[in-house]
């Protein structure tokens, strides 16, 4: 969603989800006129918003907008301008539907309906399920290597990539958490946190893919591989957050790192004799197909389910399979090292 894991693809896809400053919908003169009129009158057709009523000096008549919402909805930060955009979008799409026109994007997003103030309810639910799957996978891996498999005399695990995959698990959970928040409410802060966490996961996943595929076990060599990649990812995140949130550049960076690790895992799965390499192939192929959902975007079904939501749904079984491969890899490497020690 960083995403290394083939499921890292899903971190890549979170990065690749491109937001656009101007779309067909928000350039529509009828939509723009509706928003302008709504901000003056506080109404769209027969629906009016209390927080669009201002005094002559521009102060809300009934106090700040966030005191005019039910308590459970105040976190959303929907104000007059946001509500006008949303309801004008729905009204305009109803008009277009009657004319037989297809849905169009508004401010870079498809016209999805809110549920209890949640901006993309299906994507939120599926992102939360992915977060739960990542947590389940990480905990099961932790229990396996620390309690179910033999340990070295110094109480360290035989599996050489334990620490890296623990960190990967934490970064993956962080990425899906902020993805859930971002789909709940798209504001500048949640957008930057979502993009940054996805880039961090994707970059670290690339490090993991290189270290595991080439079986790099020496600490000095690991640092030499990881340092330049971590420096690059850190610089990119700082650029996005403090200079310019460049969607085009971010897409190129994410695609580059995603394709690089896809190729690494695909080649390694082809040449290795790992007993669970078929799981790796399924995740690689599945991740490749899922990427098409982002490249070939399409209007939402039933005004709730878009390509991004379907991508999140597909990520759930692939996440389970990916962590299953990691556990198998830990058992395989531990068994191999124990045989060599005898």
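In case you wondered, yes, glycine gets a Cβ from its N, Cα and C as well.
Taken from TrEMBL, the feature signal peptide applies to 1-22. The transmembrane segment annotation in TrEMBL covers 122-145, 157-178, 198-216, 223-243, 249-271, 278-296, 308-326.
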The transmembrane segment (249-271) and the transmembrane segment (308-326): do they have three or more Cβ pairs under 8 Å, with pairs 6 or more apart in sequence?
no
Between the transmembrane segment (249-271) and the stretches 122-145, 157-178, 198-216, 278-296, work out which stretch tops the count of Cβ pairs under 8 Å.
198-216
